[in-house]
Amino acid sequence: MFREGSRDDAALVKEGLFDKLEIGIASDVTIRDKWSCGEIKKPETINYRTFKPEKGGLFCEKIFGPTKDWECYCGKYKKIKHKGIVCDRCGVEVTLSKVRRERMAHIELAVPIVHIWFFKTTPSRIGNVLGMTASDLERVIYYEEYVVIDPGNTDLVKKQLLNDAKYREVVEKWGKDAFVAKMGGEAVYDLLKSEDLESLLGELKDRLRKTKSQQARMKLAKRLKIVEGFVSSSNRPEWMVLKNIPVVPPDLRPLVPLDGGRFATSDLNDLYRRVINRNNRLKAILRLKTPEVIVRNEKRMLQEAVDALFDNGRHGHPVMGAGNRPLKSLSEMLKGKNGRFRQNLLGKRVDYSGRSVIIVGPELKFNQCGLPKEMALELFEPFIIKRLKDQGSVYTIRSAKKMIQRGAPEVWDVLEEIIKGHPVLLNRAPTLHRLGIQAFEPVLIEGKAIRVHPLVCAAFNADFDGDQMAVHVPLSIEAQLEAKVLMMAPDNIFLPSSGKPVATPSKDMTLGIYYLMADPTYFPEEHGGKTKAFKDEVEVLRALNAGGFILKDEICGSRRDETGRGIHIHEKIKVRIDGQIIETTPGRVFFNTIVPKELGFQNYSMPSKRISELILQCYKKVGLEATVRFLDDLKELGFVQSTKAAISMGLKDVKIPEIKKEILKDAYDKVAIVKKQYEDGIITDGERHSKTISIWTEVSDLLSNALYSEIKKQTNSKHNPLFLMVDSGARGNKSQLKQLGALRGLMAKPNGAIIESPITSNFREGLTVLEYSISSHGARKGLADTALKTADSGYLTRRLVDVAQDVIITERDCGTLNHIEVSTIRQGSEELLPLKDRVYGRTVSENIYQPGDKSNVLAYAGDVLTSAQAEAIDDAGIESVKIRSTLTCESRRGVCAKCYGLNLANGHLIGLGEAVGIIAAQSIGEPGTQLTMRTFHLGGVAATSSTPEIVAECDGILVYLDLRVVVDQEGNNLVLNKMGALHLVQDEGRSLSEYKKLLSTKSIESLATFPVELGAKILVNDGAAVTAGQRIAEVELHNIPIICDKPGFVHYEDLVEGVSTEKVANKNTGLVELIVKQHRGELHPQIAIYADANMKELVGTYAIPSGAIISVEEGQRIAPGMLLARLPRGAIKTKDITGGLPRVAELVEARKPEDAADIAKIDGVVDFKGIQKNKRILVVRDEITGMEEEHLISLTKHLIVQRGDSVIKGQQLTDGLVVPHEILAICGVRELQKYLVNEVQEVYRLQGVDINDKHIEIIVRQMLQKVRITDPGDTTLLFGEDVDKKEFYEENRRTEEDGGKPAQAVPVLLGITKASLGTESFISAASFQDTTRVLTDAACSSKTDYLLGFKENVIMGHMIPGGTGFDTHKRIKQHLEKEQEDLVFDFDSEFESVAG
């Protein structure tokens, strides 16, 4: 099916001297005359006695070449001197046996056979060309019905189907010669050959212009695309029917003799034999003038045999082999993980590599790894042989090998010499990000295990419990140079995903450093002494050494010598440093001996987070080399100090808080009160469950804090070892500590629901049998989840890599004026991600001034922000910054360095050719796998991340913004809408209206912002002054209340008992509650409020959702602020990353979420218009233009807006997640990009994973690359077709130059799988998924792959056009680029207008 050119091009192909690859459909002539070396007529394979190939069979030497080098079949010619001679006896050419891997043959078919790919792959290519349905075609192809090819003068129609009875009837009526009707492949061949594609194309275009129905247009456009593919290529449609079948070279389908006279064979041989047998039988039958029924059956069987050969199982039952296993057809050879693409072309096994178990090598330098001598000897063998020959120690390779095997002394000397400066690559599977392969200088060691530096373990995610690593030797000078310059471990100390240090001390090292740097615990004054003062650090170190620095003495923890000198390592001392007297400890002075001087004196405790910050600071101030030295010193110091400190944990170190009994008693009392409330009917069962869980969550936190305070206390001026371990970040966390000494807390059932009664014991006290049994659920769920999710995460990474693999940095600056706007991310009043972190390393698109001072420029347009600039912008209180982004980059291919910003792995501007797409995919995929390993449980109120009350953080004035409130009888303000917030502003003596105006125009910044929920009770009036710590509002956590805002009398509307409502007696309380239930009728349950008891004047209506409990009675008089009904919030299940990974997948695959929310299509005011077919009609009316937009909303959905609410375009009207496609259609590209980036970040942020926005932006960019044609104008584009933005603009430019009408299009959001398959390169798409469909599609339109991306070049064995290969590739491709002029488009602003 590939068309690489004639046989003469084979040499070029072998050399790799081609820069594009075209695929097409092979004609019968090509198969027979160009590809084939002979026809196979017999199904035989090899002779059972001689084991030699049978002549004319599937392994024939005459056709395929000799099985032994330079030897013919009969043995007449046996030497290289006869090269090229064709034996006159056996007809075999004397040549190399490897030609049997290249030479093909063919089978001449008795009747034409339809290629199953073109008929069965959706959409059916043959069906679309002929305009026939797949089922009709199937009946013709498999000899069930006739199809009319030429109706002649009869009343039949071309392509009409005739069954046997009808056919006989027609023959009787008109005679056999009056028309032509056939069956099978022959019929399809004739129909395809007679099809005039040019006129069909014109006819389809006409019909497309005239058709108004969207569905019909889409159908026509699809057919048009296939027909156009044939017309514009050199393919003929009848080539989709085969007259000859190519036979794969025999060495690609080997027959291997096993012990005991049996053979192992490739499944293809069986499939070919079936075809040959049936074909030969059919030829014989046709010669014998056999009855039509038998012939027809034989033809059908041949068609099925060829189907099975190409794609077994695609039609009918698959052909089974031995052991009832389906045979692997040609399609299977290409498809899936074990297919040709992924197994052999994208992933090859590598020579000069080995693997072994890893152990820790604390004595190594950062750039070293320990390589076992035996391994090194094997890996560096060729280098050793060359050196031995150069030295004259040996003269032949064989003798050198023998010498190596003997282990002669000079071999070891040579090995030592060679290994110097020759880096090796270490790799640990799974390689989730680029830090999974790093280069090291090998150091020869005894033993059989590879030694690894402890600081690189984090990057490899390695531990020493039996992990294995692979070693690879870079052979060429270039490869060695790349490994040295780019891949050495010291160059990879920062994560490319976030720029945070990855080589940070952990476990023992952290503990040792923390111990050394701990706060003073020994104060001489308390022991009747005096604080010692030292003139400099050297004196302190002398005193330490004099004290022996061994910590045994009970009182002060040091060993004094005879003169009474010596100091405690944690003693408070004074010392002069840089001319200043500082209070510190000897430990800190000791630690500072390894800190680079530029960083100053570090005089504070050092948990792991601080160490990480110190490393980052060190890199910024003193550069890479000094940082790596510092890291090695940290490692050394950490291990030594943790060993000397000999910190170990005993059972007594786990202190149980004394207040535990009291707190538990109090909690049981509270739970009893909640239960009583439920029994009295005040709250629902859901609320009771929810409140109970809140109580226990609070108890858990209280006890956890009490325990932490308890172990923080020092005894005998010594630290609690448990506290040291947790606080330093070496091992354990607060939650594990809580389980050891406080209580285990709430547990989840296997289904995720939280069990109300917690485990009140801790591990020190021991668990009861019941408690142990409950807690075993969680432990098992964790393990099962881990196993299942790792696969999901790996698949997500694969899809991400595939969609972004060809995004590389192609130029320095694209010159775009487009930008995106970023601001601080807040949750309530808490700052989750400060602005400085979001803008660091990004390019500013316009000047940034100090607010109120235009002369002070903080950053100029085009600046890539440094951390100092980012900090200055944040400090200046600037709300948002306009930055350039890959989302708005206008590079012709790939993206530009300026739009991308800094390379986070080294803090420099990203270089040309850098594979940023793959880095982005790895950055998002790698934590996915990590997260699946830990399952987080957030239970009860913790899960809703909200608290029952809002407290002012500082003094100020409270301003209500966008809030509708009603004052209840107690004088509290109740919130009636969902979108408002409370703002705390500085008291500047302004009026309330001024404050509101300034806030809504963002002219002033609030000190704190509190978003408030529907039904919240605000305790302070609008505009009132509040003080820090004052309660501002109470939030209703367990119900969504429906509150009345006007006085009047209640009237039930459509609240029909037994239909839309039901009275339910509460099992526990015995009280009867009126609950609105789900119903199918045309009822619209609502409560109407009338001004008078006669129900004449209507004041307002309130829609009541299903599941709500009604709190008022018919005819009851009510006051504003009273509760009409309440909708209990569902029992809160535990959240874990199971919610996270599928959510990320859902976002990047652009799937429609379940129970999606409805969003407003225009700005306006909400109104209701009754009910239609179980759906509520909600109208948004624009007050100014009078424009209306109707929304049909299911009655089961909960509305979060009410009549009269003002909404803005894109605002949610109901609960649930938003459909991304709707955001695109309603709010435009910019809003969608912002939404997707923030939503993905939200998932990772919840897990405490830090990923830079730019990585997610690249994936989103790839999802928004296509546009959908809405009006093709005079272009060659088709209606409903998805085309690349660049292609669209180029086509429009051409059309406009020719004076034609340009096409119109709207942006379209594609999921990553669809986007990967829509890539320009068919090789890349075929190696991803749907291999057969992609290849069929490409072959029909004779697609050309210009080999511009990574995957296609790896598959073709070329150098990849990225990294160090970028420049080389650029030169090769320059002539291609000349053909296509460089264009810079302003895509996004154009589309904004279309979408908006």
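The count begins at 1 with the first shown residue.
The backbone N, Cα and C atoms fix where each Cβ goes, glycine too.
Following the DSSP three-state reduction, the secondary structure of Cys87 (Zn(2+) 1 binding site) is coil. Sequence-distant neighbours of Cys87 (Zn(2+) 1 binding site) (same chain, 6+ residues apart, CB-CB distance under 8 A): Cys72, Tyr73, Cys74, Lys76, Tyr77, Glu93, Val94. If you look up Swiss-Prot, you'll see Cys72, Cys74, Cys87, Cys90 marked as Zn(2+) 1 binding site, on the strength of sequence analysis.
The DSSP secondary structure for Asp463 (Mg(2+) binding site) is coil. The Mg(2+) binding site feature in Swiss-Prot is assigned to Asp463, Asp465, Asp467.
Taken from Swiss-Prot, the feature Zn(2+) 2 binding site covers Cys814, Cys889, Cys896, Cys899, and the record attributes it to sequence analysis.
Between the CA atoms of Asp463 (Mg(2+) binding site) and Cys90 (Zn(2+) 1 binding site) there is a gap of 63 Å, rounded to the nearest whole number. Taking the binding-site residues Cys74, Cys896 in turn, the residue surrounded by the fewest other Cβ atoms inside 10 Å of its Cβ turns out to be Cys74. A separation of roughly 63 Å, to the nearest angstrom, links the Cα atoms of Cys896 (Zn(2+) 2 binding site) and Cys90 (Zn(2+) 1 binding site). The Cα of Asp465 (Mg(2+) binding site) lies closest to that of Cys899, out of the binding-site residues Cys90, Cys814, Cys889, Cys899. Neighbour counts of Cβ atoms within 10 Å were compared across the binding-site residues Asp465, Asp467; the minimum falls on Asp465. Spatially close to Cys889 (Zn(2+) 2 binding site) yet at least six residues away along the chain are Cys814, Thr816, Val895, Cys896, Cys899, Tyr900, Arg1261, judged by Cβ distances under 8 angstroms. Candidate binding-site residues: Cys72, Cys90, Cys814. Fewest other C-beta atoms within 10 angstroms, Cys90. Taking all protein chains in view, 29 other C-beta atoms sit within 10 angstroms of the C-beta of Cys899 (Zn(2+) 2 binding site). When the alpha carbons of Cys90 (Zn(2+) 1 binding site) and Asp467 (Mg(2+) binding site) are compared, the span between them is 57 angstrom.
The Cβ neighbour count for Asp463 (Mg(2+) binding site), using a 10 Å radius and every protein chain shown, is 11. Taking the centre of the Cβ atoms of Cys72, Cys74, Cys87, Cys90 as the Zn(2+) 1 site, the nearby residues of that chain (Cβ within 8 Å, site residues left out) are Glu61, Tyr73, Gly75, Lys76, Tyr77, Asp88, Arg89, Gly91, Val92. Same-chain residues with CB within 8 A of the center of the Asp463, Asp465, Asp467 CB atoms, the Mg(2+) site residues themselves not counted, are Ile358, Ala462, Phe464, Gly466.
Residues Cys814, Cys889, Cys896, Cys899 make up the record's Zn(2+) 2 site, and a Cβ search at 8 Å around their centroid adds Glu811, Asp813, Thr816, Arg884, Thr886, Thr888, Glu890, Ser891, Val895, Ala897, Lys898, Tyr900 from the same chain.
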